[in-house]
Each structure stands twice: as structure tokens, then as C-alpha cells.
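Below is one structure, written out as C-alpha cells, with a few remarks after it.
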Amino acid sequence: MLVDSYGRVIDYLRISVTQRCNFRCLYCMPKTPFEWSAKENLLSFEELFMFVKVCIDEGVKKIRITGGEPLVRKDLYKFIAMISEYKQDIDLALTTNASLLKQQAKDLRQAGLKRINISLDTLKEDVAFKLAQKNILKDVLNGIDEALNLGFNVKFNTVALKGINDSEFIDLLEFAKVRKSQIRFIEFMENYHAYGDLKGLKSAEILNIIAQKYSFKQGEKSSNAPATIYELEDGYKFGIIDPHSHDFCDSCNRIRLSAEGLLIPCLYYDEALSIKKAIRNKDIAGACEVLKTVIKNKSEKNRWAENEANQSSTRAFYQTGG
């Protein structure tokens, strides 16, 4: 079992398999030109899996594959299969923009993937183009249909942006509701890579919009989950992830691994240690030591809690998966 200095059990690993993304979303990608990491600097699936085995053997029970956009990395399903074959009851999930999901969903399902979180910020083509800087909505919707048809457990994530998609919250909720999938509205997390004129909505503002049509009550919150759950009168449940108002640091159970091998204790801290050298030397004990050191050094609180006046992250979310 992995336990940090504050008694939190760390049993959730998020793996960013690539920095690359086929979208250029305003709230995530830098406006200025930048370069991707060279391929040789990235850990191979075999190298990532070597570390995954270390984590599972030490008590990790949940793994989420993220990016960038994870489906742009070739043969992702093979990595999924490695993990699910090693530990069949592992809670294994994927976060994706769904644009490439129609072509890959069947292979992912056969590899053992059961749960998918899909970023869905709008149902309007022009808004989707504005956000992603390309025509993507048709591919996203086709990917969603394919995932649901194959029986995946699907959740939707919507970043709440003032003046961009706030008029669609009820439509998005109903889109998810009809498909028997949960939607979570996420407060915009300010970061230095987002376009500077973006403004988010706080949880109270999101709830006020939904209350224009629906009555709801607050449900119970899972101790390790970031979302506060609300229930409509007909029993449908949706979530709000509100890091501005309610951090979940006290129950945080996660660490993050970048595609380059950086093990990151907190999304809002720049501190990280690399497992690359140990893994490429096949030094399993060394990799395990890095894991335990990162967990030991995990902060009690994120920097938002320490400095409300400067609520921006310097870390690129496309490198760590948010």
C-alpha cells in the first residue's frame, strides 16, 4: 500500500501517453508556437508498462490513460491490453476528445477497456470550431455513438466558459441524460497556456443556469472523487467539478506520469521526479524508490489553497492530462 505523509492512500495513477493533440483548444493549448518532445524522449508502451506493474504491485487500483489526446498515439489498444491482462480487475479508464474513437473503439473494447470520459464542450459546430480551431464536432459525435453502441460506460466532461458555451448547459445535460451517461461541468482551471481572455463560470453560476429548467438536490460525494453530484427529480445525476470552491486535497489519491517519464505528485506543483533512467536500465527497485519518494513528498494542499490571488498553473495540461 502506498501512503503519503498525510495518511492518504495513493491508489490512482494517471498516465499521459502523449503530449500531442489533434485539437488546439483555447483553454489548454498555448497560443504561441511550440515544439513537441522528440519521440526518443518518450517512454515506449513497454517501458510505461514496466512502471505500471510496479505501481499495481504496490497497491494502485485505478489507472486512467490521458494525453494530450491519447488516441493519436499509435496502437494505444496494445498498451491497454498489457495492463488489463496483467491485472484483470484493475479499474482502467480513458479520457479522450472522441474524434478518433469511432475507428478505435472496437479495438479498445476488445483490449479490456470499459470506461471512457469524453470531453464535450458544445453541440454547436461553430462553437466547436472556435474552441478547437478546426471542424471536429461530427467526428466527436460519431465517436460518442460508437462508444455507446459498444457498451462502454461513458461520462462527459464540459469546461464551463462564460460567453462561449454557457447557453448550452441544459442542452448538454439533456444530451447526456438521453444517453444515460453522466455529465460533469468543470470550472475553468486558469493556466498560463490558455488564451488570456477566457473566463469561466463558478459552480453556483452553473447551477443557477440548470435551475432555470430543472429542480435538483445535492447528493453524496465520493471521498476520492473531485465532482459534487446533483440529482434531478427523475433520478438523473450530474456533477460539478469546482476546484475554485472546493479542493479535494484532503482525500487526493492520485499521482500522474507524463509521457517523458516525469512522476508528478500534484497538478498544481511543478515538482516532479523522473523514472526514465531507472526504467530504461530495467532497475525496478530504483523505479519503486522514485515512486515512494514522490508520494512521500506529495504536498498537503495545492497552490490554489496557499495563494488565492494567483490561481494559475504553469504546468501545461496537454502534458499531464489535466
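Cβ coordinates come from backbone N, Cα and C, glycine included.
Quick look at what Swiss-Prot annotates:
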BINDING   R14, R64, T95, K155, R254, I255, R256  GTP binding site
BINDING   C21, C25, C28  [4Fe-4S] cluster 1 binding site
BINDING   Y27, G68, S119, M189  S-adenosyl-L-methionine binding site
BINDING   C249, C252, C266  [4Fe-4S] cluster 2 binding site
DOMAIN    5-217  domain 'Radical SAM core'
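Projection of Swiss-Prot feature records onto the structure.
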residue: C25; record: [4Fe-4S] cluster 1 binding site; Cβ within 10 Å: 21
residue: Y27; record: S-adenosyl-L-methionine binding site; Cβ within 10 Å: 21
residue: T95; record: GTP binding site; Cβ within 10 Å: 21
residue: S119; record: S-adenosyl-L-methionine binding site; Cβ within 10 Å: 22
residue: K155; record: GTP binding site; Cβ within 10 Å: 20
residue: C249; record: [4Fe-4S] cluster 2 binding site; Cβ within 10 Å: 18
residue: C252; record: [4Fe-4S] cluster 2 binding site; Cβ within 10 Å: 23
residue: I255; record: GTP binding site; Cβ within 10 Å: 23
residue: R256; record: GTP binding site; Cβ within 10 Å: 24
residue: C266; record: [4Fe-4S] cluster 2 binding site; Cβ within 10 Å: 23
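Rounded to a whole value, the Cα-Cα separation of C25 ([4Fe-4S] cluster 1 binding site) and R14 (GTP binding site) is 21 Å. For C28 ([4Fe-4S] cluster 1 binding site), the nearest of the binding-site residues by C-alpha distance turns out to be T95; the candidates were R64, T95, K155, I255. Maximum intra-site Cα distance, S-adenosyl-L-methionine binding residues Y27, G68, S119, M189: 16 Å. Checking Cα-Cα distances from S119 (S-adenosyl-L-methionine binding site) against the binding-site residues (T95, K155, C249) with a 10 Å cut-off leaves T95, K155, in sequence order. The two recorded residues, Y27 (S-adenosyl-L-methionine binding site) and R256 (GTP binding site), have Cα atoms 20 Å apart. The Cβ of M189 (S-adenosyl-L-methionine binding site) has 21 neighbouring Cβ atoms from other residues within 10 Å, across all protein chains displayed. The average pLDDT for the domain 'Radical SAM core' (5-217) in the predicted structure is 93.
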